[in-house]
Amino acid sequence: MAFSLFNMGLAISTGQSSTSAQLFIFRSLDRAIESLKHNLAQIFSNVSYFQPPKLDLNARTNGRDGVVHCHSLPDIVAIVRDHCRSKTQDWFSDDKECNDKGDHQAVFSVVDTMLRNSLERLKSMRDNLSFVKIDVTQCTVDVNYPRDVAIIKDLCAWGKLAAAFWMRKKLTEKGWILDVHIHNHIVNGLCKAGHLEKVDFLIREMLEIGPSPNCATFNTYIKGYCLKSNLDKALFLFSDMATYGVRPNRVTINILLDALCKRGLLEDANKLLVAILNDNEDSSSSSITSTILMDGCIKNGDMAQAVEIWKTLIQKNTQLDIIAYNVFIHGLSLMQDMRLAYCYICEMFKKGFLPDIFTYNILLSGLCKEKKYEEACYIHIVMSRMGVPLDMMSYKIVIQGLCLHGDVAKAHGYLDCMLKKLMVPEPLVWNLIIEGYGRIGYILSAYSVRDKMVSFGVVPNVFTYNALIHAHIKAEIFFGVHSLRKEMQFHDTFPDVVTYNLMIGGATNSRQFDLALELYDEMLRRGYEPDIITYTELIRCHCMRGNMRLADEYFTKLQKSGLPMDHIPFQILIKKYCEMGELNKAFSIYVLWLSTVKMV
C-alpha cells in the first residue's frame, strides 16, 4: 500500500494529466478496499473455522452419507447456517464465558477489535491520501517544504536551473520564504552556467524582499565574474559588500587573490596579502592565502618573490601543508634545481607529510626537463612501490620524455603498461609514439600503434595523420601520403597548415612540383595562411625548377608578411645563385641576411 501511495505521489509530482491522476487514485482506493474486504474475510475465517459442506446440486439429500443433495437456494442457506452454528458451539463448548443461550461474547469482542483496527488502518490511509487535491482542470500537490528544498538543491547541482526556478516560484506562491542557503544553491548553479545577469537580478530581488544575501552569496557571485575574467566587476562587488553590511571573509580574499595572480597583477596581490597577514587569523588560513600568491608568482616567472613568501611563512611559524610544499617544489623544478627540490621532499618526510601523486609528477617533469630519463623511470618504479597510484599524467610525462630522447621502444612499453591497467590514454600519447617511430623510419611500427589506437576506441586526429605523413616523407615514400590524404577525407579529418607544409615539402622532394603548387592553392582556398615553412618550401620548389623569378617573388612576400625569418630561405637562394654563377645576386642576399639578423 505504501508503494502505491508513493507511485501515486510520483505520478502527480511529475506532471501527469488530471484525468490520469484521478484514475490512478481511484484504482489505488479500489485496491485498498479489496484489501480490507480480504482482511475481513480472513478474520471471519479465523474465528469460525468455517469449512463449507460439500454440495451436490445434481442430487437429492441422503442422510446416511451426510452429503447435501438439494436444488433450492433456501435449503443451501439453512444448511450453511446450521453448519456454522454447530462449529461455533463445538469450538467454545468448554468456554466458561459462554452463557446458557449459546452467545459467545469473546468471539464478537475479538471481531469488534479487529474491525476497529482495520478501520483505523483505513483512516490512516485516507489521511495519507489527503495531500492529494484533485480539481476538474488540474492536479496539484500541497507543499512539503523539506522535500521541495532538497529537490531544488539537487536540481541546481544537476544544472536543471529552469526547474529549480519553477519550484522556487511555486513555494513562494504558497507563502513560503526560502532561506539564504537555498538562494545560494541557485546562485551557484547560475554562476557555473555563466548566467551572471540572472544572478544579478536574483540578488537584487533578495536585497528588496529577502532573504538578505550573506558572504557566501557574494563569494559565489565574485568567483563567477573571476571565471569570466571580469576582474573589474569582481572588485566592484567586493567593494559593494560593505554597502550591504556584509563582511568579506578569507574565502573572498582567496578568490580575488587567485584572480589577481592569474592576471599577472602580483603587486596588487602582494598588497592584499600583507593586509591579510596583519589580521589576527589562524595559521592555516594564512598558509592557504600565501600558497595562492606563491603559485601566482611561480607561474609568472617571479621565483624570487615566491622564495620570499616561503621565507616569510617559515619565519612566522605558519602551519604548512602538502599543497604548499608541492607548489614550492614545482617552482624549484621549473628552475631546474632538482637537488634543492629533493631537499624539500626530504623535509616533507621529516614533518610527517608523504609525497602524493602531484609531488611525484612534479619530480618526473623536472627530471625529464633535465634529460635525466633513467632517473625519471626509477621514480616511476618508486611510486609503484610506495603505493602511490600512477595516473595518466605520470605515464604521459615519462612517455613524452622517452620519445624526445629517441627511446621509442621503451615509451611503447609504458603505453602497454597503461593498457594492461585499463588506462586508455588520450590521442596525444599515441601520437607521440607514432611520431617517434616515424622519426627513426619505423613506418610499420607507427602503423601498428595507429591500428592499436583505433582498436581501443581512440579516434585518430589530424596530429596522428601528420605524424604518419612525416614518417613517409622521412622514408622518402611519397606515394603513401596520397592514401593517407584520402583516408583523412573519408574520416572527415581536415588537414591543417602543418599537413600542407609536409605534403608540399614531400611533393617537392619527389620533384612533383605541379602537385606542390596545387597543394598550396588548395591550402589558400581552405582559408589557411602560409607560415615561414610554407614560404620556405615554395622558394625551394621554384629554385629546384629553375624559376628564380617566382622564387624571388615568394621571398619578397615572406619579407612583407612580417613573419619571423630564419636562415633557411637565405641559404636556399644563396646556394642556387652560386650554382647559377650569379655571385652578385648571391652576395646581395647575403648582405640582406646580415641586416635582417641585426634587426632581429
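Here, residue 1 is simply the first one shown, and the rest follow in order.
Cβ atoms are placed via backbone N, Cα and C, with glycine included.
What TrEMBL says about this protein:
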- 179-213: repeat 'PPR' (REPEAT)
- 214-248: repeat 'PPR' (REPEAT)
- 286-320: repeat 'PPR' (REPEAT)
- 321-355: repeat 'PPR' (REPEAT)
- 356-390: repeat 'PPR' (REPEAT)
- 391-425: repeat 'PPR' (REPEAT)
- 426-460: repeat 'PPR' (REPEAT)
- 496-530: repeat 'PPR' (REPEAT)
- 531-565: repeat 'PPR' (REPEAT)
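Predicted-model confidence for the repeat 'PPR' (321-355) is 87, expressed as mean pLDDT. Proximity of distant same-chain residues to the repeat 'PPR' (321-355), defined by a Cβ-Cβ separation under 8 Å and at least 6 residues beyond the stretch ends, is recorded for 284, 287, 290-291, 294-295, 297-298, 303, 306, 310, 313, 362-363, 365-367, 369-370, 372, 386, 388.
Across the range of the repeat 'PPR' (321-355), the DSSP-based residue counts are 26 helix, 0 strand, 9 coil. Under DSSP, the residues of the repeat 'PPR' (286-320) split into helix, strand and coil as follows: 27 helix, 0 strand, 8 coil.
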